[in-house]
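Copied from Swiss-Prot, the annotated features are:
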DISULFID  Cys36-Cys85  disulfide bond
DISULFID  Cys46-Cys61  disulfide bond
DISULFID  Cys62-Cys109  disulfide bond
DISULFID  Cys83-Cys123  disulfide bond
SIGNAL    1-20  signal peptide
Amino acid sequence: MDTHTTKLVAISLLLLLVISDYTRLMIQVHSYVPFCAYTYDYFSYCLDFLTGYYYKPGKKCCVHIVKLNIIAKHKKENPRLLCNCVEMMTRGYTPPMLADKIQQLPLLCNTHLSFPISSSMDCSTV
C-alpha cells in the first residue's frame, strides 16, 4: 500500500471509532430520558424538604419516593440509571440540597431506598 492509501485507511478507522463512541453515547443518553423524566417529576415533590424550606418531607414526596423504589427494583440497571438522574438533577441546583436532609429522606418516609442519593454519590459503583 502506498502512503496515501495507508493514510486514508487510518483516517477511516479513526472516523469509525469516533462515530462508534458517539453512537454509544447517544444510546446511553437515550436510555436515561424516561428515567430522568420520572425522577425529576417525582423528586420535585421533595425539593422543599431537601432544600431546607420544610422540616419534614410531605406525604406526596414520600409516595413518590416509594414509586421511584418500585422503578429501581424493576430492572437490574435501574438503580444506576436513577442514581445518574438524581446526580444530574442535583448538580448545581439552587438553592443547594442539604446533605443532612438527603440522608434523612428514607427514614422520614419510612422506606429503604433501592437507589443511592447522597451529597457525594458515585453512580459508577451502583
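Backbone N, Cα and C atoms are what each Cβ position is placed from, and that goes for glycine too.
Checking the disulfide-bonded residues (Cys36, Cys83, Cys85, Cys123) against Cys62 (disulfide bond) with a 10 Å Cα-Cα cut-off leaves nothing.
In the three-state DSSP scheme, Cys61 (disulfide bond) is classed as helix. Note on proximity: among Cys46, Cys83, Cys109, Cys123, the disulfide-bonded residues of the record, the Cα nearest Cys36 (disulfide bond) is that of Cys83. Cys109 (disulfide bond) counts 22 other C-beta atoms within 10 Å of its own C-beta, drawing on all protein chains shown.
Reported as a whole number, the C-alpha separation between Cys83 (disulfide bond) and Cys46 (disulfide bond) equals 16 Å. The Cα atom of Cys61 (disulfide bond) lies nearest to that of Cys109, taking the disulfide-bonded residues Cys85, Cys109, Cys123 as the candidates. Ranking the disulfide-bonded residues Cys46, Cys85, Cys123 by Cα distance from Cys109 (disulfide bond) puts Cys46 first. On the backbone, the CA of Cys46 (disulfide bond) and the CA of Cys85 (disulfide bond) stand 15 Å apart. Neighbours of Cys36 (disulfide bond), defined as other CB atoms within 10 A of its CB across all chains, total 19.
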